[in-house]
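J.: Below, the features straight out of TrEMBL:
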- 21-200: domain 'MobA/MobL protein' (DOMAIN)
- 330-354: compositional bias 'Basic and acidic residues' (COMPBIAS)
- 330-366: region 'Disordered' (REGION)
- 453-462: compositional bias 'Basic and acidic residues' (COMPBIAS)
- 453-483: region 'Disordered' (REGION)
- 464-473: compositional bias 'Polar residues' (COMPBIAS)
Amino acid sequence: MAIGRLSMKVGGKGKACAHSNYIERQGKYAHRLETGERLVATGSGNMPEWAQSSSQFWKAADEHERANGTTYREMEIALPRELDDKQKEKLVREWVKQEIGQQHAYTWAIHSPKASDGGEQPHVHLMFSERVMDGHERGPEQFFKRYNSKTPEKGGAKKANTGKHPLERKEELKDLRHRWEVLCNRHLRAAECRERVSLKPNNEIRQGEPEPKMLPSEWQRGTGKADIIAFREARKEQVEARHDVRLSVRPTEQMEAELIHLAYRKKVDQEKAQVTAEAARQAEATRRADEERQALIAKLPAMEKAVIAEIEDETNRRLRTDGEFQALQNEREQHEEARQEAEANADKAERDETAAAQEAQDLAKKHTIQTRLHRSGFKTFMPLAEAEQFRDDCKTYKEAERTRQTSLAEKVEQIDQKLKEIRQRILDKARKELDGLYKKLASIREAMKAAKEARVVQEKAQKKAQTPASQEDQAVRKRGRGR
């Protein structure tokens, strides 16, 4: 008969290598193969590059795992007798591929010791590391360090299946047993065996309490083997007697109708409960999705600013590192400084010219008065000539500076045009290389636009829903005034 059993065990620091030797029957456990027990097959996989053998990996786990950490988890699973050795190995390999995959380092071995009834008791030990193989190369010491979520390559490999509540682990173990039951029965059907495996609780399949595990040596002591066989026969007779009692009790038509009604009511209640639970799950999922959407909408403006700042920073960096652009920028600054200097000089010369012209005008009046009084006018002639000469010099200097200012302004304008062309070329190149950021910015703006439109639609709907009530209130007020 096919036996269904799957247990999960945990190994602490310092136990992994010894347990690996135990299941592979190596070292001090090799003598067990001399007592009639068979080692059907073994296998290992997903080992890091530094582990030349499975024992080297488990030894490193014992050495470098944290003091309070677990070095391995183990599934111990009973295998059907009805399958031959190759079929058992095929079943185990498919189970390992399904449950372990490429994520965890593992070692397994199929044992087939003698059972109490003279047959074999095949079972498999599958031990695996909880640490996930994420593709980062790590040495043995780093591999078993604590995981670094910010920079995974600097920390150890991450442990899966941690931080879970015991009830959650219990439910996962039930699901694991169910998957084994499905896979094992599929292989039994493929082998054209009528037997099936069931991992339901004993009270559900009415087989009584499970027997305690006994070592082969315990069967040889006294009458232990005979007592167990006698106990099994008695239990078998008890089960058959219960079956006969159930057959002897024939339900009446009223009982059958009541049972049918109760079964129908139970089914209806279960369906209602399922519908209610599904509706609650959908409502909760909708609520969470809405909260996440609102949180994302709230973050959109900040995300837009961050992306724009990143684009501007990258663009400015490219402008700062472009040699031609910087050379023209420096030349423009020099010309601009010279233009401003020429403008200041011209303005000063214009003020000096105005002052000199006023002074020359005053001196000309004095000179006219002197000559009318029949004086020589010698005292006023020389200052007048000097004032007029200074006025003319200021005018000439002003015109020269204005000309220089105009020339420099034209050069600055030409440089600005070149800078604009170079800047546009750099921006076009940056836009192509920063296409991902621009697309992200566009998607953010589309999301903001959609959120705004949704908010407008919602406000209109709320306003529309409130309008009938407002109209009714107005009608009531009018009737009140009419009275």
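Counting starts with 1 at the first residue shown.
Every residue, even glycine, has its Cβ placed from backbone N, Cα and C.
Explain the structural surroundings of these features, please.
T.: Mean model confidence of the domain 'MobA/MobL protein' (21-200) amounts to 90 (pLDDT, 0 to 100 scale).
A Cβ distance under 8 Å defines the sequence-distant neighbours of the compositional bias 'Basic and acidic residues' (330-354), meaning residues of its chain 6+ beyond its ends; these are 390-391, 394-395, 397-398, 401-402, 404-405, 408-409, 411-412, 415-416, 419.
Helix, strand and coil counts under DSSP for the region 'Disordered' (330-366) come to 37 helix, 0 strand, 0 coil.
Here the compositional bias 'Basic and acidic residues' (453-462) has, by DSSP, the following mix of helix, strand and coil residues: 10 helix, 0 strand, 0 coil.
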